[in-house]
Amino acid sequence: MGVGISVKTTSSKRRPSNVPKTLSVIPLPHCPTAPSLSNHAYICLPFLSKLRISSCSLLFQYISLKHLRDRALRRTEEMAKEMQKTSMFIERNPGDYENGDICKNLDDDGRPKRTGTWVTASAHIITAVIGSGVLSLAWAIAQLGWVVGPAVLMAFSFITYFTSTLLADCYRAPDPVHGKRNYTYMDVVRAYLGGRKVQLCGLAQYANLVGVTVGYTITASISMVAVKRSNCFHKHGHHVKCQTSNNPFMVIFACIQIVLSQIPNFHNLSWLSILAAIMSFAYSSIGLGLSIAKVAGGEPVRTTLTGVTVGVDVSGSEKIWRTFQAIGDIAFAYAYSTVLVEIQDTIKSSPPENKSMKRATTLGVSTTTLFYVLCGLVGYAAFGNDAPGNFLTGFGFYEPFWLIDFANICIAIHLIGAYQVFAQPLFGFVEGWCARQWPDSKFITREHAVDIPCYGVYYLNLFRLVWRTSYVVVTAVVAMIFPFFNDFLGLIGAGSFWPLTVYFPIEMHIAQTNLPKYSFRWTWLKILSWACLIVSLIAAAGSVQGLIQSLKTYKPFQTQE
């Protein structure tokens, strides 16, 4: 639909009664996303002779039309910029509008052109997936053994890949290629399912995002502490306790996140995701290499087909609870569905977003699965049933200390980027909701231009500054109170895996394709969903039990050994 401008005369007395009220629309350059603008008028070109309009008057009308057209173009540009301010995943670049060609700078939904590709989407996925979860896989395999451990890893890998492809097809509705875009996970659920399921999705998604950011704060501080303790052990010997508090390092991590959180759009952080992905490969490779070296060294360790042995390593009840918790840890290691839709919203529309996202998912999940299998199995072979919960920070290795330090620094840098990947959707949701509730509040909506040396103009929003800073501070305080790495990871994974990774993608796929009830495909999709629910419940139970045991001996804010 093109954009048109019509003209309004200055005197209503001269209009004959039989003259239509609308002037023939003057077409603007074809732009399907621009809004239709019209000033109601009553002159039509076929009646110009009857109205005896002089050539001077016609010239005046032409000039007026051109003025209105230019004004409409300027207004369209302003609307596009305003729309962009509320989008957290689109980069704002005022220079894109200087040429005046609106259509070339806007997508089919009126938002600025998306520039992401399957490569950048893969970087975001790897940043989100290969995280702190990989560090606990050796411990998880130790609880499950050589048979069940790899089987659970591969099962979660397949389920995550399959349901992610279903979710990628739901980004547009109702058609996966030509339908209307949905910008968040909640928008997708609203388009296909609606009702209370939208609220349930929002509760599960944003609770998970909060939990992940708390977990990453814990993990980053543990890695920073490990650097300090590693140097202490190297200097004074392994017999020294080298007690170090995590709290100062949580404060350092929080300060970094406060600064990064003020960047309004996720798209501006693509460089950070790429850097974080590189860091994840670096520390995973170091951990893998050290494990291989330990195995090659021939140091005897005890491994079994069923994992830790009842009566030798643990009691019968501990074996059950640890098994449940290990399943939760593996589920957390594949958790990225919470941000899949937001990542897909950064991808350009040619080729279709669902195809690019499936390609990115294939690369991301296959790459992470390879690393997980190697790190988990080789780590178990290196440490046996005594594998630490975090084999880089649990001091399964002491030397070479400089390489251990570098690996832990890589972990911290990676988690700085991963924190933003998971926090930005929550930031955008709260800010968008507040803007809709109080649209006239200058505190919430006004942006102040600030010149920053070596950066340029930064648009400061006071509400964004206060809200995001407060959020980072709260997550840091919660992390100081509950610094239980493995139990926390298992609880997060168990709580989010079924609803966000399995249930909603399957239900939306059924609604999108109108699958007949009780058909073969419908039946096995339902069986998969119910099986994953059972797994999530037992994993959550194991994690809760682990947290309860940890809380019995823990005192908040005290230095840990």
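Including glycine, each Cβ sits where the backbone N, Cα and C put it.
As written in TrEMBL, here are the features:
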DOMAIN    114-549  domain 'Amino acid transporter transmembrane'
REGION    1-21  region 'Disordered'
TRANSMEM  121-142  transmembrane segment
TRANSMEM  148-171  transmembrane segment
TRANSMEM  269-293  transmembrane segment
TRANSMEM  360-381  transmembrane segment
TRANSMEM  401-422  transmembrane segment
TRANSMEM  465-482  transmembrane segment
TRANSMEM  488-506  transmembrane segment
TRANSMEM  527-548  transmembrane segment
Next on the checklist: Quick check for me: are there 3+ Cβ pairs below 8 Å between the transmembrane segment (121-142) and the transmembrane segment (465-482), leaving out pairs under 6 residues apart?
Outcome noted: no
Next on the checklist: Should anything in the same chain at least six residues away from the transmembrane segment (148-171) have a Cβ under 8 Å from its Cβ atoms, list it; otherwise answer none.
Outcome noted: 137, 140-141, 181-182, 188, 191-192, 306-307, 326-327, 330-331, 333-334, 336-337, 340-341, 344-345, 353-354, 357-358, 361-362, 365-366, 368-369, 372-373, 376-377, 380, 501-502, 504-506, 508-509, 512, 528, 532
Item to check | Chain residues outside the transmembrane segment (360-381) and at least six past its termini with a C-beta under 8 angstroms from it | outcome: 118-119, 121-122, 125-126, 129-130, 134, 137-138, 140-142, 146, 149-150, 153-154, 157, 160-161, 164-165, 168, 281, 284, 287-288, 291-292, 295, 301, 303, 333-334, 336, 340, 343, 387, 391, 396
